[in-house]
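Engineer: The structure that follows is given in the form of structure tokens.
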């Protein structure tokens, strides 16, 4: 299939065909370009849609329900989907549109060159044909003149009246014209040969070569259009995995919607914890004199007559009816509490909320304070480690530069613990109120026992205080100690000292920096009322022998019940049991013989020689 041989006479049609082909290439390029614009516009509108439907700050509370959570996740996936459409547009723009534009420009220039070459070859052939035509006309004119000269000579030779000179003159003219005719014939013959050769080369070599170049140009255009279409498909295919992930995320978000969970959320959110109001009692007219009415409403009737007298009976009668139904203090208080619950300006102790809502707020507050206490404890441990390193190697820094930060951290920690203890007490009261309300509203429980409190403190030290301690000190566990390591410059739970033990002076310095009163040998007299002596007698044997002693690095507040024990910063205690790996050490106060567990990381322990041997 060669245009040069098959279409040797279709020069004009081939020129028009290649022109239309390049125009189609431009058309396809414009199509891809407009598609990129549509993809970008689509992605932009999707992003604006996602932005417009993002939850506002005032709507955050509503987005705890599963449909709202699913909708938020759907918006996120839709944003990612829009990003993939932008990727498609960018890749089409860089891989297809730009290449299409360059290719069309290149093909247009090549076509122009080929057509110019074809026009030049055609002009050469036309010039040869023109020369041939001129030579042919010259030859024909010379041949006619030769024939006329021959006829004139023959007439002169036959005419006896003409002189010999006239005959010779006609004869010479005949020979001259005959020679001119022969020369013109020879020139015409030569030009005919040249023109035929030029025509043969034109249609067999030169013009087919131009047509072959036009054919290659057109095939290149068609092949590149194919590649560009495949590239467009490949651009789409590359983003399909991510788009499928977006669609799967949307599907997963829809499957996470749970109507039962939302129903429970509504209950938890709006349950007030109040007792339903009692039945309304029949209230007789103030002027009635029936004995039954007086008997049934003795207290209410006597209260009204005693307060206002019989003279105001008509007034009381006028204010009776439906308005008197809502005069119950309990109903009014319930309505006010619900109204206060809906308001945004609540009290610090949440006393303006219904019992159940108050309990939830207090639990959240206790959790928040516990995290803050853990953070401050971790910060203090870091500072104590830094001070211990400075004391061990003074070239690294001055230990006194950390004192100010330690004091500030200690004060902040005391305030946080005070707040935590306050809100724990409020939470305990709220739990008791909710439990009492539950017992009142559900008197016919199957087992007759109230539900277990939300926060229980037992012998395993599962209290909020211990949880806070474990969360804050679990990162300091050393490989060589028996329990959790103390971040106090190298003091371990097992009594090993590394520059920060009581012998090195770090415990005493910390006691001076963070305690309000410390005597010379580190002993403190604490006259605290022990409200849980019976609990300690129940949990601990009184005849345990001390394994060593410890120094409190900072204060610890017990949770009120269970096995933990309160201690002050710098207090000296006896060690009864070392840390068993749970982060707690069993100690005894010397004077009161009070026993309990304290966090291992809150103390610097020194064991006796025989205990260390074991």
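Cβ atoms are placed via backbone N, Cα and C, with glycine included.
Bear in mind that TrEMBL entries carry predicted annotations, made automatically and left uncurated.
Residues or ranges marked as coiled coil in TrEMBL: 97-201, 359-433. For 458-476, 499-513, the entry in TrEMBL reads compositional bias 'Low complexity'. The compositional bias 'Gly residues' feature in TrEMBL is assigned to 477-498. Per TrEMBL, the feature compositional bias 'Basic and acidic residues' maps to 514-535. The feature domain 'F-BAR' is assigned by TrEMBL to 1-262. Annotation comment: TrEMBL describes 352-429 as domain 'REM-1'. Residues annotated as domain 'SH3' in TrEMBL: 545-608. Positions annotated as region 'Disordered' by TrEMBL: 281-312, 442-537.
Burial and contacts for the listed features, if you can.
Structural biologist: Within the model, the coiled coil (97-201) shows a mean pLDDT value of 89, rounded to a whole number.
According to DSSP, the domain 'REM-1' (352-429) comprises 72 helix, 0 strand, 6 coil.
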Engineer: Could you count the residues of the domain 'SH3' (545-608) that DSSP puts in helix, in strand and in coil?
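Structural biologist: The breakdown for the domain 'SH3' (545-608) reads 3 helix, 29 strand, 32 coil.
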